[in-house]
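Enquirer: Pasting a structure below so you can have a look.
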Amino acid sequence: MTFHIRFAVYCPTLIVRMSWSSSLVNIRRAHTLTVLFILTCALVYVTLLEETPQDTAYNTKRGIIASILVFLCFGVTQAKDGPFSRPHPAYWRFWLCVSVVYELFLIFILFQTVHDGRQFMKYIDPKLGVPLPERDYGGNCLIYDPGNATDPFHNIWDKMDGFVPAHFLGWYIKTLMIRDWWMCMIISVMFEFLEYSLEHQLPNFSECWWDHWIMDVLVCNGLGIYCGMKTLGWLSMKPYQWQGLWNIPTYKGKIKRIAFQFTPYSWVKFEWKPASNLRRWLAVLGIIFMFLLAELNTFYLKFVLWMPPEHYLVLLRLVFFVNVGGVAMREIYDFMDDPKFHKKLGQQAWIVAAITVTEFLIVVKYDPHTIMLPIPFFVTQCWFLGIVLILTWTLWRFFIR
């Protein structure tokens, strides 16, 4: 009798546990047949039940959007998984497919004339396609302006725009991607030198000295890198022993487990070791170069395509790189650190590199006059000296020594 009572009590619990385990397995599956069925139903509805509007422009836009959505559905269910699995592998497959769509869009823009390419942006937003003036951040560079009795610190307040928190957040995320303090600081300082060198091409590169070195490098970038390194330290010390949600007895523990679903499944510490051999040294130089080129593309693209800095397309591009940059860096590190196991560059790293190069080619094609403006002689001397020093150190470290 006691056995039957215990079995009756235990059976429902066992059934619930088994159903919960099976639901977790179902969540991890790609659901290829389910997605195919829903997609087919949507296409059948559009074909048989919806009347096609007699508007060529509207139908063209809707057809392009539908084609992109079908491709995304295919990629999310069928694409190869990358190195990240949290919060869900489908999330990273989605961004891989978005990368392909964005690269195809860039290729299309690259093959248009300058006028047609800029006017094509009106199909995305009718407010685009109009030349915009660049804001000059230079001018009066006095930190304390005695001539302004009402607000002598007005120059500082004028520089406090939306880019200040964007700089901090951007470098916090970049630090999580690169996972190395020295590389982050080198890229941060190098970009300020690039702004000095290219301010004759883009007026908004012209900033006050304290805006370059105090607000950018020390405050915004430096604080973002510091917070990023602290987060990396916490992630490296965090125990990665995962427990099923059903096995956690308290609600607080369950909520904590759900929150930790958005943290890495395991942790890999990046040890770049650029001076260990020539291959790693060239790889680190290439990573720094591509990072700087992607940063410059942000400013030059909106300049040649006539997009205001606050436009949502500029923000979407940054959100895009936030989601794909971490995967690309992990694939690059794996390819560089263990070439015997990772015999080819990862898919996300490959497409990100192609995107960066294509963006630069669009800039070159759409405004070659700005790109070819002669660099001041003293700036050329500085860069020439820097390149000679790098080449000399490379020869000494890896060949002569």
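Using the three backbone atoms N, Cα and C, a Cβ is placed for every residue, glycine included.
Relevant sequence annotations retrieved from TrEMBL are reproduced here:
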type: TRANSMEM; residues: 30-49; note: transmembrane segment
type: TRANSMEM; residues: 61-79; note: transmembrane segment
type: TRANSMEM; residues: 91-111; note: transmembrane segment
type: TRANSMEM; residues: 181-198; note: transmembrane segment
type: TRANSMEM; residues: 210-229; note: transmembrane segment
type: TRANSMEM; residues: 281-300; note: transmembrane segment
type: TRANSMEM; residues: 312-333; note: transmembrane segment
type: TRANSMEM; residues: 345-363; note: transmembrane segment
type: TRANSMEM; residues: 375-396; note: transmembrane segment
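Explain the structural surroundings of these features, please.
Expert: Within the chain, the transmembrane segment (30-49) has long-range Cβ neighbours (under 8 A, six or more residues past its boundaries) at 66, 70, 73, 76-78, 90.
For the transmembrane segment (61-79), the residues of the chain that approach it from at least six positions outside its boundaries are 30-32, 35-36, 39, 46, 90, 93-94, 96-98, 100-101, 123, judged by C-beta separation under 8 angstroms.
Residues of the same chain lying 6 or more positions beyond the ends of the transmembrane segment (312-333) and with a Cβ under 8 Å from any Cβ of it are 82-84, 92, 95-96, 98-99, 102, 124-125, 166, 170, 173-174, 176-179, 268, 270, 272, 283, 287, 294, 298, 301-302, 342, 345-349, 351-353.
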Enquirer: Out of 91-111, 181-198, 281-300, which stretch touches the transmembrane segment (375-396) the most, going by CB pairs under 8 Å?
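Expert: Counting Cβ pairs under 8 Å, the winner is 181-198.
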